[in-house]
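A.B. asks: Starting off with a structure, shown below.
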C-alpha cells in the first residue's frame, strides 16, 4: 500500500563474509538515511549473544519491522535433517520465517526476504524441515522478519486517521509493533524411521490379503469335508438301516460356498452340494406385509438315498421352469435402456408387490455386458483424469521447491517428512491402503465371478434360478474407484490447497454414486441406469462441485439455484423409489400428479399403498431439505465437502432403507455381513474422529492454517490425517464387503419369492 511508517529504533545484524577469519579486523561503513526533515540519532554497535543456535535448546528474542533478527545453525555430524520450530504467544504482528544459506548479504527485510531460501508467513506457529544435503556448508541462517502489514496473515488493514494539517506522505506511527518469538531446532527423523513406517504401512494392508487367504483355505477345507460327507451318504451303507446324523455345521451354508466372500477356492463343488444346503434352509420363511407367507417344506420320510430325495424336493419348482436366457448371439442393439423396459413394466404394473423375477427377464449375457461397461468407462475416466492431475501436482511441487514459497501448499508442517522432491511423503504413503484394498476387492470379485460362471456351466439350479441376480460390473467399478481415490488423494497431498481439493473428492462422489446404484441394481437388475447415464449424472455433480468452488463463496444466486436443483432431484428420486420405477417423467406428469391428489386426497382419503417405503422416504426428504436449507442459509465456504456430505448422507439413508425393507420382508442378515456392518461402523466412527481433528485448512491464510498444525502421533511419522487415511480405506473396503455379502441369505430362495423394494 506504499505507506510510510515512523520508527524510533532501527537495527541490523551484520553479515560475516565466509572469506574472513574471526580474528581478522574488518572495516565497514554505516549509511543512515531518513524521511524526516531534521533528526538526531545515536549509533550503537553491540556483540550478538547466542548467535549460533544449539540443538534442542529454546531461544527467545524480540523482533520488529525495523529490527529483523537472524541466527546461525550448524548441522552436527550425526544429523542429516532438522526441523526449525518458531512459536509465539502473539498472533500479530504478522511475521516471516526464512531459511537461507550462509551468504552475504542476508535478505532480512520485508521487501526482499522472499528472494532466496525457504520461507513461511507466521502468526503463532511455523515449522520448516531442513536437510543437510541442501546446504553445502552444512549450516544455514534462520531469519525472522516482522511485516509492516498483517493482511498476509489474515489480519485487518488498520486505519490510521490523519490530522487536518498533516500531509498524506507523513509517516504513520505504528507505536510498539514488536513480537516476542521462540525458536528451537531439533533433529528430524532418521532414514530408519522411513523404512520402519513404510514396512508398518505395508504390513497393515497386506495382513488383509493374508486374512483373506486364510478364510479361503478354511472354506476350501470345509468344502472337501462336505464332499466327503455327501460321498458317504451316497454309499450303499445308507441302505442297511443304520441311522446317520448330519451335523448342522455342514448343512447350514449357501448353495455354492466356494463363491463366498474372500474365497479363492477351486469352486468345483457339484450342484448336489447346493441341494444339501437347500434342505438346511428349508424352514426359513419369507413374508411381506399384506402377502401370504411362503414356506418351503422338507420331504417327509425319504426311503431312497438322502441326496436323491433332497434333489427331487429342492428342485420341484425349479427344474420344470423354462430357461429365461436367450441362446442367440448378443448384438449391439440388444443393450437395454430405461426406455426399453416400458413393456416389461406394463406386464407387471397390476401387481402390488413385485418380485425380483419380474425384473430379471433380460438375457443375462446382455446384462453382463451392460454392467461391464461401468468398469471400462470408469477405467477410461481414471486414465484421462489422473494423467493431467499428476502433471499439475508435479508442477506445484516444482514451484514450491524452486521458489521456496511454502505458503503455496497447506501441509501439517509439524509432521511433514520430505523424501526426494516430495515435501510431505507421509501424507502420500498413508494413501497406499486405498490402492491395496481396492485391488484386494477386485480379486475377491474376480474369484466370485469365476465360481459363479462355473456354477452356470454346471447348470446349477440355484445359480440359474435362485438368489439376487449376480452382476459384477458395478463391483469392479467400485474397486477401481477405490484405487483411484487413493491415487488422487495422494496427488492432492503432494500440494494440498484450495484449487486442487477437487482431485481428492471427485472419486468420492463416484464411490457414493456407484454404491447407491449397486443397492438399486440388487432388486432391479433389468431397469438399472446404463453406465452412460450414470456417469453423465456423476459428471454433472462434479461440474457443480467445480462451479461451487469457483463461484459459490457468498454468491446468493448460485446457492438458490443449487438448492432448488437439490430439492427437485430429491423429489424425483423419491418418486422413483416409491413406485419402484413404474412411473414416467414426461409432459403429462403434472396432470397425473393432480389426478392422484384428487382421487387419493379429495375424493377419498386413502393412505399410501406402501406405508414402510413412504415413512422412510419422508424421513429422507426431511433430511435433504434440511441440508438444502443449511446450504442456503449458512453458505459454507467448503462447497466440495458440503456436496460430498449430501452424497454420503443419501447413501446412508438408502442403505438404512434397504436394510429395514429387507428385514420387513422377512429376510435375514447372515453372520459375515452382520460382522462386516458392525466392524465397519466402528472403524468409520474412529476414522471420522481423526478426520475432524483439522490439522490444516485452506479456508484460511497459510499462516492461520499453521496454527492448527500438530506433531506426529504414530511412529513419529504419521499424523491424525494419516490415521484417517488408514481407517477410512479399511472402512470403505468393509463397506464394499457389506454390499457384496448382504443378500447371501437369499442364495437358496427362488427369485419369484424375493420382493422388490
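From the backbone N, Cα and C atoms, a Cβ is placed for every residue, glycine too.
Keep in mind that TrEMBL annotations are predicted by a computer and have not been checked by a curator.
Checked TrEMBL, it gives:
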TRANSMEM  194-218  transmembrane segment
TRANSMEM  374-394  transmembrane segment
TRANSMEM  428-446  transmembrane segment
TRANSMEM  532-551  transmembrane segment
TRANSMEM  557-579  transmembrane segment
TRANSMEM  614-633  transmembrane segment
TRANSMEM  639-660  transmembrane segment
TRANSMEM  672-692  transmembrane segment
TRANSMEM  723-742  transmembrane segment
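Could you tell me the structural context for the features on the list?
C.D. replies: If one looks beyond the transmembrane segment (194-218) by at least 6 residues along the same chain, the residues whose Cβ comes under 8 Å of a Cβ in the stretch are 261-265, 417, 419, 425-426, 429-430, 432-433, 436-437, 440, 443-444, 447, 715, 717-718, 726, 729-730, 733.
Away from its own ends, the transmembrane segment (374-394) comes close to residues 473-474, 476-477, 480-481, 484, 487-488, 491-492, 494-495, 500, 503, 506, 510, 514, 531-532, 534-535 of its chain (Cβ-Cβ under 8 Å, at least six residues beyond either end).
Here the transmembrane segment (428-446) has long-range neighbours at 197-198, 201-202, 204-206, 208-209, 212, 261-264, 422, 472, 475-476, 478-487, 489-490, 493-494, 718, 721-723, 725-726, 729-730, 732-733, 736-737, 740, meaning same-chain residues at least 6 beyond its ends whose C-beta is under 8 angstroms from one of its own.
Residues 337-338, 373-374, 377-378, 381, 498, 501-502, 505-506, 509-510, 513-514, 517, 558, 562, 565, 639-640, 642-643, 647 of the same chain sit 6 or more residues outside the transmembrane segment (532-551) yet have a Cβ under 8 Å from a Cβ within it.
Listed as Cβ neighbours of the transmembrane segment (557-579) (distance under 8 Å, sequence separation of 6 or more from its ends, same chain) are residues 544, 547-548, 551, 585, 610, 613-614, 617, 620-621, 624-625, 627-629, 631-632, 635, 646, 657.
Among residues of the same chain six or more beyond the transmembrane segment (614-633), those with a C-beta under 8 A of the stretch's C-beta atoms are 559-560, 562-563, 566-567, 570-571, 574, 577-578, 608, 642, 645-646, 649-650, 653-654, 656-657, 660-661.
Tertiary proximity for the transmembrane segment (723-742) is limited to same-chain residues at least six positions away from its ends with a CB under 8 Å from its CB atoms, namely 201, 204-205, 208, 260-261, 427, 430-431, 433-434, 437-438, 440-441, 444-445, 448, 475, 478-479, 482, 485-486, 489, 511, 515, 518-519, 522, 658, 662, 669-670, 672-673, 676-677, 679-680, 683-684, 686-687, 690-691, 713-714.
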A.B. asks: Which residues, given as numbers and ranges, are at least 6 beyond the ends of the transmembrane segment (672-692) yet have a Cβ under 8 Å from it?
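C.D. replies: Same-chain residues near the transmembrane segment (672-692) but 6 or more away: 260-261, 720-721, 723-724, 727-728, 730-731, 734-735, 737-738, 741-742, 744.
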